[in-house]
Every structure is written in C-alpha cells, then in structure tokens.
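Report on the structure given below.
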C-alpha cells in the first residue's frame, strides 16, 4: 500500500490530472446490456408458435447468459462505488479490499457466461446443421475449460482469504499469477471462438 501512496503523491506533485472513467463505464455497460436485452426479446418473439417457430435449448441458454450479464452489470455498478474506473493508486485501504470482494464473484460469472454463450451458439448449430459430434465435442471442451478455470482460480491463493488482502504486507500467503491465468483464458477463448465460427464452413 505504501507504493500506491507514493505513486499518488508523485502524481499529485507532478500535477497529473485525476482520471475517472466511471461515467463512461456506466453508460457503455448499460447501453450494451440494453442492446442484448432487446436482441433476446426479439429472439424469443420470433420463436413463438404464432410465427411458426419453437423455443429450444439454445434460446433458454442465451436467456441464462442474459441474466448472468445483468448480475455482472449490477456488480460492476457496485464496483464503481469502490473505485472502478480510477487509477489504483487513488484507492484507500478499505476501498481496495471491498473492491476485490465484489470483483471476485464477477470473474466467475463472466467465465460461466462466456462458456454458456458458446454452448448456446453450438445448440443453435444443432438445430440448423447436420453435424453433431463436432458440436458436442466443442460443448464438452467449453464446459471443461469453465470448470477448470473456476477450480484453479478458487485455489489460486493460499490461504483463500489472502486474495482480498494480498496488497497488505500485514497478511502472508501466496497467489498464482493473475496475468498468466488471464492470458491462458484469453488464448483458449480465442481458439474456441475461431473453431466455433468456422464450424459451419464445413457444411458449404
């Protein structure tokens, strides 16, 4: 924490402006959620029997994703109260601990939502295309990725509570590299997204 205080002091002495992007974050996250909400409503409307459609598992899955997205937005809104959108050296000690406690579940909601979103797309493929084995394999890989990431993340800090106090020198513990976990997750997601996107090309 002393390093953050030193950074804050040096920025103030240099006359650097205090940056706060919280307003932009609020506007962008709720605007995108509204767009997603409208898309899901239109999707369910088009699948109603009166229009000759039928609601399937892909639709219910995307509805769950929308609910998870809402939960993420609520948590993000709370995080704004604890400093999200500001430079980390502007955080106070209690503020940083509270921020990490609300950020913690958001990470897992995001991973679960991304995995279910892939599943929804693959379930839609099953309704449109003839391939099935490939879709089921990719759903299995996505589920395994989600499970492994959550388990590894939950065990990333020892003891568990050190995750929320790792910035405080009064607490002792060890944590796996966050950047390595994020990088590995990004690589896996990019590969899966690429394969899922190109899968229908095999039917052309």
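Positions of Cβ are set from backbone N, Cα and C atoms, glycine also.
According to TrEMBL, the transmembrane segment annotation covers 26-45 (among others).
Per TrEMBL, the feature domain 'Rhodopsin' maps to 42-204.
Taken from TrEMBL, the feature transmembrane segment covers 57-80 (among others).
The transmembrane segment annotation in TrEMBL covers 108-128 (among others).
For 135-162 (among others), the entry in TrEMBL reads transmembrane segment.
What TrEMBL records for 182-201 (among others) is transmembrane segment.
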When counting Cβ pairs under 8 Å to the transmembrane segment (57-80), the leader among 108-128, 135-162, 182-201: 108-128
Tertiary contacts of the transmembrane segment (135-162), as residues 6+ beyond its ends and Cβ separation under 8 Å: 107-108, 111-112, 114-115, 118-119, 122-123, 125-126, 171-176, 178, 181, 185, 188-189, 192, 195-196, 199
